[in-house]
Amino acid sequence: MKMPLNIGLVHFIGIGGIGMSGIAEVLHNLGYHVQGSDQSDSANVQRLREKGIEVFVGHKAENIGDAEVVVVSTAIKKNNPELVAAREKLLPIVRRAEMLAELMRFRHAVAIGGTHGKTTTTSMVAALLDAGHLDPTVINGGIINAYGTNARMGDGDWMVVEADESDGTFLKLPADIAVVTNIDPEHLDHYGNFENVRAAFAQFVENVPFYGFGVMCLDHPEVQALVSRIEDRRIVTYGQNPQADVRFVNHRMDGAASLFDVVIRSRKGEATEIKDLRLPMPGQHNVSNATAAIAVAHELGISADDIRRGLGSFGGVKRRFTHTGTWNGVEIFDDYGHHPVEIRAVLKAAREATKGRVVAIVQPHRYTRLASLFDEFAACFNDADTVIVTPVYTAGEDPIEGVNSEALVSRIKTAGHRDARYASGPEALAPLVASIAEPGDFVVCLGAGNITQWAYALPKELAEQGKK
């Protein structure tokens, strides 16, 4: 049974969140009556209002109004006044992933999972299905530049969604195709240990129906180990690994664009080659993500020409190596990377894309993450000539003794880096960058906090610095 249209007013608590806003937008486009609230105004809130969705700023019991159903994300606390009011009214409380699962029942669905690369890969799958005239509905965890939004309502039979593994609810998603980009020990506060993370991803793939399949990265040791344990579902492997079913080869750079070929081999021995693919993004990690999208597209019957065209015009995702400006020949970028694996991949891509130097500005995100991955953070900046570390973005966490940005700078140095520095805040960045950066250099701002605002302000601040 699909969700009926007469379920009444649906109220989203935290509607401005990147995951919640996309679901609300698609529900609204399907004809459901949607409203919501968020603790602050934002671009997502404004976009929803422009589409005719009522959004309250601030959380109050009366915001519930005549709602018949309430949707919450894991970020909503149990004492939230709207959640308390909804429970008092005995309204159904629906988790974000459960509502996403209901939407997926309207379409055939591709779900993209993995510790890193989900948002970009989701966007790439959407772009290739779009190029193949399948007109997909898309719900992503980031703003897709081609759409200007994280959600898109298509008229086709397919839906492409990002599957967030952070709280285990991705196992509710009824996907026909499950993509796994990589598996790393993240979200242990929920899972307890890495073995439970592994088990969750195994279940994610095994949840696809017998006529579906998994698409899994053979370059990642944990994913390859998982492939060997999946016994009763069809798997399509991808990567640079010579054993991959869909393998990228001949990867080279053309400025900030990646050029590569793909070889597709069936288990019956047939081989297909797609040559001269161009992805307007640097980095082997992005080529790997593109190869995952190609694997999905090929299985769905999309032609090589459409794949080539879809990749060539791929516009990227906001906060994924996003260019924010130029100052004195210095290119400035903003990136969401906040885990050592992500940071290493982004800086490697920057190194490949420029003949100049790479300056990394990082805002560590959460004391708990910094504490649990301290040694990994100390060793992930090798491709940056200079590392500038700013204060930790707490995300509401209490400090942990001995775990701070100054300590990280010290550890980066003792791990062998030649130039790591501490900056006390955004006001210190422009003078510091102006004294370091030269024409041809890349400055990459990294983090999941408010460093994105600094990245967009930096070009102007550097220009002002030059006038002093």
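Residue 1 is the first one shown; counting continues down the chain.
Backbone N, Cα and C define each Cβ position, glycine as well.
A 10 Å cutoff on Cβ-Cβ distances gives THR120 (ATP binding site) a total of 31 other Cβ atoms nearby, all chains included. The annotation ATP binding site is assigned in Swiss-Prot to GLY114, THR115, HIS116, GLY117, LYS118, THR119, THR120 on the grounds of sequence analysis.
Residues ILE112, THR121, THR181, ASN182, ASN289 surround the recorded ATP site, their Cβ atoms falling within 8 Å of the Cβ centroid of GLY114, THR115, HIS116, GLY117, LYS118, THR119, THR120, which are themselves excluded. For the binding-site residues HIS116, LYS118, counting C-beta atoms within 10 A of each C-beta gives the highest total at LYS118. Within 10 Å of the Cβ of THR115 (ATP binding site) there are 22 other Cβ atoms, across all protein chains.
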